[in-house]
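Pulled from Swiss-Prot:
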type     : residues                : note
SIGNAL   : 1-26                    : signal peptide
REGION   : 26-46                   : region 'Disordered'
COMPBIAS : 26-43                   : compositional bias 'Low complexity'
LIPID    : 83                      : N-palmitoyl cysteine
BINDING  : 147, 148, 153, 183, 184 : Ca(2+) 1 binding site
BINDING  : 148, 184, 187, 189      : Ca(2+) 2 binding site
LIPID    : 255                     : cholesterol glycine ester
């Protein structure tokens, strides 16, 4: 038995190399070589080895190309910061929280400024109409001292309750086994002087259940993080916190009408806003002041149960306009012959504002073109405090 027959893979490998390097041979190769290559190429073993060699060469080139791309591509990108996960997604990144020092307040402003908790709105008594706006707090993670025995320390504004519940959760995370202690909330016995937000249910004095005064500086910091509008490390015995009024939060963000206000339908019928439905066509106004009928496609802010403060504007003709303080009203300036927009609570006497003429047809059959629903409206409200001048904002 010869060598070629005893080692078949050696013969196949040599022929494969010959086939791959065929272009390097001269055209004057012998017929015996051609016949040998032809005969071996017909063999299945030869075809398999040729395919393997070609595949290995392709894989080698592909590996080199991928390695080159992995080196070059990172150089073509610039670093960028992305938004983090929202609330409830993933774990919160640990932050270094620094405790407040004695007599420190955040923000470092008067409590009654608009940038803090805002001005006083009046004492709330049990027989006051606003008393029903106070809500009890039955959070089991909060201890209420309730020295009076009347449950008054559990009563507070909705915003104060919301922030207090957040703070209670933070206290349990910061000091396991320790709970938040509320020593004073709504006060009906006038123990806090003539001017105090305790009388409106917008302020609380707090401590920890173990009465450890070394924790109070960090407790004040946790109150700031919980969202209280004004926090003061007022005493070694407790922390004082207060919030904006519920009415100022809602009425200064959106402009609304009362549910009893009416809208003129295309059919000529006047319908209360509280009874409007999606699809009703109501009289509105275009940018150039022309009256048109527009279809109701969405209610951006509709709450028929919410109690709200409103402003009433009376004209010499007997018309009455009832809107929230932050509602924009079309005001006519005779001197400059210009139409501007002013917040309702900033309109003064002898001001001309735009009303519909009862004799006009309101635009006939003309229909307004819908431009779609602006889903980003709430985002614009949130960034307005950072991008708009102070004179443009309703604070």
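Yeah, the Cβs are placed from backbone N, Cα and C, and that goes for glycine too.
Here the features listed in Swiss-Prot are placed on the structure.
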residue : record                : DSSP class
147     : Ca(2+) 1 binding site : coil
153     : Ca(2+) 1 binding site : helix
183     : Ca(2+) 1 binding site : strand
189     : Ca(2+) 2 binding site : coil
Additional residues around Ca(2+) 2, ordered along the sequence, whose Cβ is within 8 Å of the centroid of 148, 184, 187, 189: 147, 152, 153, 186, 188, 191, 198
Env. residues of Ca(2+) 1 site, Cβ within 8 Å of mean position of 147, 148, 153, 183, 184 Cβ: 144, 145, 146, 152, 182, 185, 187
Distance check against residue 189 (Ca(2+) 2 binding site) for the binding-site residues 147, 148, 153, 183, keeping those with Cα within 10 Å: 148
Length of the line joining the Cα atoms of residue 153 (Ca(2+) 1 binding site) and residue 187 (Ca(2+) 2 binding site), in Å: 7
Euclidean distance between Cα atoms of residue 187 (Ca(2+) 2 binding site) and residue 148 (Ca(2+) 1 binding site), Å: 10
Nonlocal residues around residue 187 (Ca(2+) 2 binding site), in sequence order (Cβ under 8 Å, 6 or more apart): 152, 196, 198, 199
CB contacts for residue 153 (Ca(2+) 1 binding site) [other CB atoms within 10 A, all chains]: 23
Least buried by Cβ count (within 10 Å) of the binding-site residues 184, 189: 189
Cβ packing number for residue 148 (Ca(2+) 1 binding site), 10 Å threshold: 12
For the binding-site residues 147, 183, the one whose C-beta sees the most other C-beta atoms within 10 angstroms: 183
